[in-house]
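Annotated in TrEMBL:
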- 42-112: domain 'PAS' (DOMAIN)
- 115-167: domain 'PAC' (DOMAIN)
- 301-517: domain 'Histidine kinase' (DOMAIN)
């Protein structure tokens, strides 16, 4: 196509020469026949150029009227030849180009040519095309202006592509500049090309244009990232580094490559890290507070158990003192020892709950059934006296890594809520454990009065409780923290806690704790 454009331009330049040669032949007295042949040859060449040119071609009179138009132009404009011939050239120009067209027409009359003037033409159906106008004058042997050969090179697609590219560049520039993250663009060698407003207004040190990232700026003693940057650029990959220490800050850094370099975006997550630590601290306080509330709930029941056990111990001890060391005495002393063991067990469980919550590093592999049984051993006698039957459906489950004290607190909270929902009539407390879909699933169900549907979504909100309005069925007022704390504990273990309830039928809490794939084989119970 470029060759065609060169040919068109060359022919436009040669058109006046055609007439000049013909006129000179006539002036020099060359034989008429030779002159006619030359004229015919030039005219044929011109006609061929005009007719077969892939661009829009027009013959324009000195008055600005259309004398002829080629088929390519007719097809593009949507006109028939008779609709244009004899009409003003204004007819094909868009309103916004009319003023420039008049200026170009005057210029053409003075200079005899026009070259690549950008204009807008309009079709019969109102569609616009952007063209480059070139024109040359044809004169007779006396130099009188006969007409103009005008050519429109349609550059609409090119202009649209340029406009689309410009819009994309402006859009990308706006995204870059207004990105809330501090952003730096580098070339293929890692040299800084530009920085965005967030970076410049951050108050931090800003790299100079041309600095090599992570060498000249933020060197390896600050952030050792140069090799990572170059790897991203060479492999055309994107990488994210969610937590990097930079001086006294924590940064989230992403490197996104593009053909000529990479975009480095950093977000200061220092405050987020501080907030997370503060949240963990407050959560630990809540857990400990709730533990103490749970222990208070059990206090009366434990005291009762202690009294019963101590009465037994005292009675048998008194009996041993008042008799000779006979077989009966030996048996009595055996009972004293066994009873002491029971007391020690209860005290041990109590101390487990009262201890400060251990960290994640203190997690251990435990039997979930034994952990639940440890909770029930503290409450079973008390529940029995409240006419609450405990049904155990322990499945064959693998050992699981968890924070034993925290998870026992979860089960204690749920059991306490279940007990309160069944008072004063009593009912059935059913606890089922099983392995399902890569999880250990613990279901704790009661036959209490249930929870209203509109309240289910609020159960895990801090300080939400129904016990303040249902005091007649609860031994202790609710703090509204038990289930929210439990939710946080289970979530930290990577699990979920769900609740299902029907009014006057009962409630089921389902705790799902994930098994770690890499430990499933080694953590199974001995079979």
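Glycine too: its Cβ is placed from the backbone N, Cα and C atoms.
TrEMBL does not curate its annotations; it predicts them automatically.
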Mean of the pLDDT scores, which run from 0 to 100, over the domain 'PAS' (42-112): 89
Helix, strand and coil counts within the domain 'PAC' (115-167) (DSSP): 12 helix, 30 strand, 11 coil
The domain 'PAS' (42-112) - residue tally per DSSP class, helix then strand then coil: 43 helix, 12 strand, 16 coil
